[in-house]
Amino acid sequence: MKAAPMSAQSCDSSVPTVDPSVRFKRVLLKMSGEVLMGDREYGIDPATIDRIAADVKQAIELGVQVCVVVGAGNIFRGVSGAENGLERVTGDYIGMLGTVMNALALQSAFEKVGVPTRVQSAIPMQAVCEPFIRRRALRHMEKGRVVIFAAGSGNPFFTTDTPAALRATEMGCDALFKGTKVDGVYSADPHKDPSATHYDTLSYMDVLTKDLKVMDATAISLARENHIPIVVFSVLEAGNFAKVVRGEGKFTIVTDQ
Ligand code: UDP
């Protein structure tokens with residue numbers, strides 16, 4: 001059963017009204033760390049995060065409530081650390097700390113364009129950001145603030161896909177938006193295979209049985225169990241996020257059907 005959100009449409013005057021064109025009123029945006037790199041080999045490209053911030057602002061102005069989970073593949077992944085002899089759990093904690101760095105950079109970019117933003121970390125770090133508190137996060141979102149969930153789940157042996165599905169469920173989101181470098185899910189890699197076909201819709205079972213690499217299997221199962229649609233879209237195309245929250249443009253939606 002889907003977690004009951006605090007009112008998406010409350011009578012509280014501090015809650016922004018939602019534009020009637022909006023299809024998904026409360027969304028969790030999941031981005032991998034690689035998306036933040038732009039054309040760089042490592043780290044964060046300021047122009048890319050500024051552009052993502054401008055896109056998120058457009059959605060906020062439509063009254064959409066937005067929370068974000070960001071990965072850290074642009075900085076560190078526990079698995080690669082383990083391949084180089086680092087203890088896996090330590091590597092995973094370094095990866096989680098990497099997500100906090102990305103979250104702080106995104107917060108700065110969002111606030112530069114006038115979107116109030118709070119970072120909440122699954123590993124408490126009180127000098128840097130808030131701890132994860134679900135009801136406080138919901139209230140921030142209702143007030144039009146973006147909440148960035150950092151440090152993944154706070155536990156090793158996960159990627160950030162699973163906490164993205166977990167937070168989307170906890171926050172009562174209408175959809176989990178997976179922002180990627182391509183405009184949806186294809187039958188093969190469209191950069192390598194010109195005959196690859198785009199899927200407009202898929203079922204959770206299709207994704208799992210065809211091993212379509214939308215998100216990791218734990219995240220897909222969690223979304224399936226809680227009936228949270230997964231929307232795969234290109235976050236690199238300027239203005240696309242606001243389009244897709246209205247159900248327009250090109251994307252793939254993964255649902256029960
Ligand atoms: N991580 C973890 N637990 C979590 C989320 C992340 O241990 O709940 C660690 C893990 O080492 C992972 C790294 O943080 O590789 C970065 O996350 P992810 O690989 O999901 O980054 P992305 O591929 O999305 O950029």
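Using N, Cα and C of the backbone, Cβ positions are placed for all residues, glycine too.
Taken verbatim from TrEMBL:
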- LYS30, MET31, SER32, GLY33, GLY73, ARG77, THR180, TYR186, ASP189: ATP binding site (BINDING)
- ASP92, SER153, GLY154, ASN155, PRO156, PHE157, PHE158, THR159, THR160: UMP binding site (BINDING)
- 25-234: domain 'Aspartate/glutamate/uridylate kinase' (DOMAIN)
I'd like to know which of the binding-site residues listed (GLY73, ASP92, PHE158, THR180) lie near ligand 1, counting only a CB under 6 Å away.
GLY73, ASP92, PHE158
Looking at the binding-site residues ASP92, GLY154, PRO156, PHE158, THR160, which ones sit with their CA no more than 10 Å from the CA of SER32 (ATP binding site)?
THR160
Determine the minimum-neighbour residue: among LYS30, GLY154, PRO156, PHE158, ASP189, listed as binding-site residues, which Cβ has the fewest other Cβ atoms within 10 angstroms?
ASP189
Just to be sure I understand the packing, how many Cβ atoms besides its own are within 10 Å of the Cβ of THR180 (ATP binding site)?
21
Rank the binding-site residues SER32, THR160 by the number of other Cβ atoms within 10 Å of each Cβ and report the first-ranked residue.
THR160
Beyond the site residues ASP92, SER153, GLY154, ASN155, PRO156, PHE157, PHE158, THR159, THR160: chain residues whose C-beta lies within 8 Å of the centroid, for UMP:
GLY78, GLY95, MET96, GLY152, THR162, PRO163
